[in-house]
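Database features (TrEMBL):
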| type | residues | note |
| --- | --- | --- |
| ACT_SITE | 6 | active site, nucleophile |
| DOMAIN | 6-226 | domain 'Glutamine amidotransferase type-2' |
| BINDING | 242, 388, 438, 441 | [4Fe-4S] cluster binding site |
| BINDING | 289, 351, 352 | Mg(2+) binding site |
Ligand code: 5GP
Ligand code: MG
């Protein structure tokens, strides 16, 4: 299965639509570093440019100033880990059907792709990529017969199961959709008479756009000329937003799901300190992701706060490296201790999450070598025991350290004096609407029956 993170951005009615999309994607770069793409509507046809790499590597002045003409645009950045990293899998994705060109940018992961794909192929659809977003476009195209684009998108949304935040561009229409559970975020804003959409509000800040609101789960917003219309694609589904967006994935200067991400992370650290603060000389984060909960942890516990682990800012996120060897190495490249701070000290490390255990294993070993007297570890995310089918790359159950080992086992073989993960209750006390979140990676309670559409799945045992 291909799992990917992504970021999406869209803009309607701006003379520099491509350039603003470029900056929007730049601000969302943390959501995907493998490929980037922008598609514009020039009034006659779609124009497109996609490439592998970071946003500034993919686009140059020629693309932004000349080729990507038009005042409507959508953009996408993709971060694929287990899937093939191919240029033809880069988005936005375009299909041409009966004289209509449709471009789509998708963030999330569908769970019934295989079934749908088989069904569509039997009816004659030919697929160009291995991404599930392509299934979406084919479904839309199939439903266009005698229907408006809005109706076709709604019909496609009712067929697919899974997580999606979508931007669709067709002629002079821009459509934005959030799936009925609302797994992935999507926000609406305005700048200089234009409407903008982005996965996170940090993209609006860069453009000095005003944040209007988040789309509701199951909402479709259609913009055409000066008209903005909102539709409900489904009403019954319970809201199940991805709590990992708040724990790790989103930028702390964003508002996501109506939450201020920075404040949320700080509260997680405070809760964590209330649950278990050891007697140590100081608290330190594993930067950057651990910083915000570590600040909350230090403030709540009253322990001194230090930055004894230094981050190299010129390396990307470690999961980019596919092999385990390379992963160990990239943790070393990424964070390195300040030697004089470690020797003889009793230290409490705070990090946002433990996934495979690579970071904690390699860095704690180093701290021991440098003579740390005690090393305690506090994590502002409960143990991740189950894979995610909705767009976060938590690999398979076999690779998740907490799926296969108890807290005391991890404590023992990593060689730490104590390990404490925030409780689910503590985590939920840090958010404003605890009932609205998906906790499947901690509990195995999947809001949508996983992969095989409810059939026995070896991964999660549903
Ligand atoms: P581990 O080293 O245990 O496999 O991963 C945990 C570390 O990676 C934490 O420092 C956390 O901030 C970061 N992390 C957690 N989830 C992800 C993810 O999905 N992708 C990337 N690149 N890093 C992650
Ligand atoms: Mg980290």
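Cβ coordinates come from backbone N, Cα and C, glycine included.
Looking only at the binding-site residues 438, 441, the densest Cβ neighbourhood within 10 Å occurs at 441. Spatially close to residue 351 (Mg(2+) binding site) yet at least six residues away along the chain are 285, 286, 289, 290, 293, 359, 360, 377, 378, 379, 380, judged by Cβ distances under 8 angstroms. In this structure the alpha carbons, written CA, of residue 388 ([4Fe-4S] cluster binding site) and residue 6 (active site, nucleophile) are 15 Å apart. Sequence-ordered, the extra residues of this chain that approach the [4Fe-4S] cluster site, with Cβ no more than 8 Å from the Cβ center of 242, 388, 438, 441, are 183, 243, 244, 390, 391, 392, 439, 440. For ligand 1, the neighbouring recorded positions among 6, 351, 352, 441 are 351, 352, by Cβ distance under 6 Å. Within 8 A of the CB centroid of the Mg(2+) site residues 289, 351, 352, the other residues of that chain are 247, 248, 285, 286, 290, 291, 293, 350, 353, 379, 380, 381. For ligand 2, the recorded positions lying close by, meaning a CB under 6 A from one of its atoms, are 289; the full candidate list was 6, 242, 289, 388, 438. You'll find the Cα of residue 242 ([4Fe-4S] cluster binding site) roughly 14 Å from the Cα of residue 6 (active site, nucleophile). Residue 6 (active site, nucleophile) and residue 441 ([4Fe-4S] cluster binding site) are 19 Å apart (CA-CA, integer value). The DSSP secondary structure for residue 289 (Mg(2+) binding site) is coil.
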